[in-house]
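The compositional bias 'Low complexity' annotation in TrEMBL covers 391-406. The compositional bias 'Basic and acidic residues' annotation in TrEMBL covers 420-435, 450-461. Positions annotated as compositional bias 'Polar residues' by TrEMBL: 800-821, 830-857, 865-907. Taken from TrEMBL, the feature domain 'TOG' applies to 496-755. Per TrEMBL, region 'Disordered' is recorded for 390-471, 799-921.
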Amino acid sequence: MIELNLELQIMLDPINDSTRHQFVSYASDKLRLQSLFTWVPFSVVGVSSELHGTSVEDLTRTDLAVNTTHTWECSRYCTFPQELVLRMNYRCEIAHLVLTAKEDRFIPEIDVLIGDGLSGSFLDVDYRRAGTGFNITSSAKQVDTLGIGSFIKIIFKRAPPKTNKNPCGQVGLSLIKVWGQPLGYFKGVVNEATPLYGQADLVDKVLIEMGLPISDDLVKWNHADVDAKSYTYAPVDEETRQTLIDMERQRNRAYKTQDYELLKNLVRDLKIVFEIGNDILKLKRELEISVGREDFDSAIEQRNKLRRLEIKRDQFDALYETSRYEDMIALPGLSDEQLRKMQEDEQAALHAKMLLEHQMTLQEQEERLRQQELDRLRMLEQQRTEDMLRMQKLQQQQMQQQNQMQIVDDEEEEEKRRKRAEEARLRKEKAEEKKRRLKETMANNNQESETERAERERNIRGGDPLEYNDGDADLEPYLKPHLASAGGNVEKLGLEALRRALNDGTLLVVGVKLWSALHSDTWRHREAASQAFLEFLNSPILPKYEGKSKKLFLAACDVAQQAMRDKLLQIYFIGLKMLQTAMKPPICGDDIPHKLILTTVKPFIQILKEKIEELNFRARDLSLEAMLNIFRHPAMDIKLLIDSIMDFVDKGGPAPDKAPWRIVLARCEILMYAIREFGINPRSWDWHVVFHKLVAPSLNNANPDVRLLAIEIVKIMYKIVGQEVRELVQEIGLKANLLQNIMKELNKTDGQGGAGTTKYMTGSIIEGAKGLEQIPEAQDEDAEAIRRSQMSLKGGATALANSASKTELQNVRKSSNSPTKDNVRASQDKVATSQELMRQSQNKNSSQEMLRQSKNNGEMLRASGGSQKDLSPSPVRASQTQLSPQKSGSNLNKSLNGGAQPPVSQKSGEKLGSAMAGSQK
């Protein structure tokens, strides 16, 4: 009613300022759209950086659920501020944004800018600030904005603080949504900050809606200027206008049903069809002008362009099934004669096409064959030419080489002659110079040299050893250059410390100056002293230490221990090299008892163990290698290493599953390499105690590296010991998945996985057997006899090896107490003899070949027709039943000498027989 009164009042009253103001307000209210706020679809058109594995395209999804897999985050080492540019699918009024940060990618502050433009990309748009957001976390947060536009730029102003889970200070988004309402450029909503159009554009639009024609140059139509009402007057041809109207109707239906996928395609295609229609209209006008001017060349070109554009437009009609497409597919009814004629024409065209294709195929084949033949002839000719050129070039090279060699030989001969003459002249001059200098020295400095030499001898022999001794004289050539490069003065060590070193015998070997520099507060002096002593050890040994290197060995160990206790790693590494050099001959000679070596080296085990427990990987690896090298020495007992590993368990400390992981990791690593290097010797240490107190608790340690090392130790023990390790693992009470993984590894070790029925035989610990040895099931009596003979032979050989090795090892230990070379050499010969016996006893190839041959003989007799009663017992069964302790040695000797092996002496056969008798008892 109010609207009607206002209209009547406007019609009846004369037009004045108040009436005009009322009319404009009424028109604006009528033109203004109702609120259609919704989630606005968009696409990402620009981003400063993104991390590999994340994609900014994942932010364009339509759901509001937070997704942790499809997210975006900036690169690790990017520079801030970072920018993210969004392009709306249409111009809209933006109310707010909903943002959700990625987990552990906190966003401290953002700026939201809105840009609006009629054309161009996001780089050509002027942006204005629309809002600011702070402290965006993994919970959804709304950032209020105010503005109208088609682009949104989000600026991440600064990086978040670095944390353990975000060490690089990155920002990330898992969700971004835009809330707004779509707007055309002439819907009545005006952005007050930046006007969208000028007054001239508004006048042109009004004139077009009134039906008044205007020039194309005055109105710059584009896809952003039109809407559903203005398509009727859009500058396109009539057919395209009908297509646009039908597509706009489908767009409205998709908007109501929220089919945003179809809506996205329609918005894009509407712009394309609008441009096509505008081009068609212009081409039609240009075609008429060209025909009127009789410019038929331009008319032909314009006609072809027009047809291509119409075909392209018809494709959109077919895609969206517009009314024009329905008219195109509605064909008029055809008569039978017309249909028959069309079919005949199609068949004739198809036949002609097939015939033409066949002819073209034949021509192509002929052309291809002719081209192949030409290529082959060309290649042959080219190859012949290349061969000739290569031969000529080769001949030229040979001639050049011969000439060069002749020239070089002549030059070398001349050079040798010249050098010989020069060397003779130089030798003569040097001899004359030497004679002259000798005469001058004897004439001028003879008295002074004798005085200095006498003073030096007096200082060494009759002087105070706490001031200067033989060690200073021996090490002065090595120490003096290093101290000169280090700089500064070395303060002399206290008398108490020097007396202790003198009582130990170290001071007389290393000298007062080096010992004082080794204990200096300046690290350069300590490094210089360590490096000088290392060079002294690596140089040829002095004559006074040949055959009497005990003092040198003890002094080297003292200096190495002092260097290895230094806090600087470079000095520690020098001490490590000194220790390894001291453990080798000639420093560690035959005159040093094994007990003294064991006592001297024992403190180094604790130092090396502490270094292995540290987190410095280089120091740990070098220390572990040095420890294994030390225990390769014959004087070292592996029990000392095992006791050092188990000290924290034996002293009542925390269990391996509760102890610090780096300590347990170091102990397990030392144990693994020790077992792998030296095996398991039950006479030296009990592996059951180590398994129950260290290996088994380490399987339950929280650190994965400790668990993996424990599993590796179990595998190595299983290879050496056998089935007993598997049973102990099953009795520990581990978790089901861990126990299953360990059993899989053990099955892979002995090849059990997927095998058939097998029997297992436990290997010997001393022999270092491979755990379980598979023996297939026997199917007849001969195979069973073969298996029993194999077991008896292996048991006898094992007992022989155990007894021989035990006796010889005891003899070696007894003989090691005497420091003479003859005893040591005799012990080494005995050990070599015992090892040869073990190798001969473990060789079962010849015995298995003999048993296999006896089985084949029995099968051949049965196949020849002989009865079972007439057959004599097989050699295997006879040797098994008639084996006696007195004849076991000779039988085993015969079985082990299977052709390729050398025969065993009579004395060795008697030893084998006695060992077999003892094993059978």
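Backbone N, Cα and C atoms are what each Cβ position is placed from, and that goes for glycine too.
Computed from a predicted structure; not experimentally measured.
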Averaged pLDDT, computed only over the residues in the domain 'TOG' (496-755): 87
Folded-back contacts onto the compositional bias 'Low complexity' (391-406), same chain, C-beta under 8 angstroms, at least six residues removed: none
Counts of helix, strand and coil residues, the compositional bias 'Basic and acidic residues' (420-435), according to DSSP: 16 helix, 0 strand, 0 coil
Summary of DSSP states over the compositional bias 'Low complexity' (391-406), given as helix, strand and coil counts: 16 helix, 0 strand, 0 coil
